[in-house]
Amino acid sequence: MSQIKYKRIILKVSGEALAGEKGTGINPEVIKHLAEEIKSVHDMGVEIGIVCGGGNMWRGETGANLGMERAQADYMGMLATIMNGLALQDGLENLGVPTRVQTSIEMRQIAEPYIRRKAMRHLEKGRVVIFGGGTGNPYFSTDTTAALRAAEIDADVILMAKNGVDGVYSADPKVDPNAKKYSELTQLDLISKNLKVMDSTASSLSMDNNIPLVVFNVNKPGNIKKVVMGENIGTVIKGDK
């Protein structure tokens with residue numbers, strides 16, 4: 001059997017990916033598929049932390065653009081990420097995968113508060129940990145949350161699970177047929193080429209802590225396992241400069 005390349009991962013799942021073709025809400029079939037994909041990697045002994053976005057329900061930036069106070073709008077977005085996390089927890093536990101949800105905003109009736117050392121212990125015991133509520137602070141994206149949690153738990157990689165996009169391109173491949181797919185980039189490449197993979201705060205955190213990223217299509221069965229095993233199916237963004 002091939003060697004596992006990444007033994008402790010942060011899987012960043014966008015809210016849009018959970019919505020499926022509808023674009024909004026939570027698609028139970030998508031949850032089921034994603035849970036099965038995660039289980040296949042969990043069964044290999046990989047330690048898995050997950051950060052969900054909330055864009056399938058609400059975006060703080062959109063609310064702010066409509067006249068809401070930005071902090072208030074962002075808190076609503078944080079709650080959306082927790083709803084997504086609970087749905088994914090249910091999908092995983094239906095398959096027998098022990099899963100804990102930890103939130104940066106306390107709501108003890110439904111989830112544990114985020115405690116780094118407790119999260120590490122869960123991972124060591126073979127439990128999947130879903131980090132909900134973003135960083136707990138407005139003005140920070142869930143991409144930044146993924147980079148922050150990856151640094152805190154000493155993850156080997158951040159897997160950027162994309163909805164139907166199989167990597168990073170020089171332009172939108174749906175619009176530009178000549179768009180070039182990159183197999184490998186650095187964090188500085190993202191800035192110099194203006195490639196919208198993650199926001200600058202998340203990118204800086206990843207670069208400063210030397211955490212690589214892999215951008216890949218999560219919709220294709222087996223892709224999470226392929227990435228964990230080191231197959232070149234997406235775009236690798238090296239953690240260094």
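Glycine residues also receive a Cβ, built from the backbone N, Cα and C atoms like all the rest.
Going by what Swiss-Prot states, the UMP site holds ASP74, THR135, GLY136, ASN137, PRO138, TYR139, PHE140, SER141, THR142, and the candidate of GLY54, GLY85, GLY91, GLY126 recorded there is GLY54.
Across the region 'Involved in allosteric activation by GTP' (20-25), DSSP helix (H, G, I), strand (E, B) and coil residues number 3 helix, 0 strand, 3 coil. Away from its own ends, the region 'Involved in allosteric activation by GTP' (20-25) comes close to residues 56-57 of its chain (Cβ-Cβ under 8 Å, at least six residues beyond either end). Pairwise Cα distances among GLY54, ASP74, THR135, GLY136, ASN137, PRO138, TYR139, PHE140, SER141, THR142, the recorded UMP-binding residues, top out at 15 Å. Between the CA atoms of THR135 (UMP binding site) and LYS12 (ATP binding site) there is a gap of 14 Å, rounded to the nearest whole number. For LYS12 (ATP binding site), the same-chain residues that are 6 or more apart in sequence and have a Cβ closer than 8 Å to its Cβ are ILE50, VAL51, GLY53, THR142, ASP143, ALA146, ILE158, LEU159, MET160, ALA161.
Fewest Cβ neighbours within 10 Å among the binding-site residues ASN137, ASN163: that distinction goes to ASN137.
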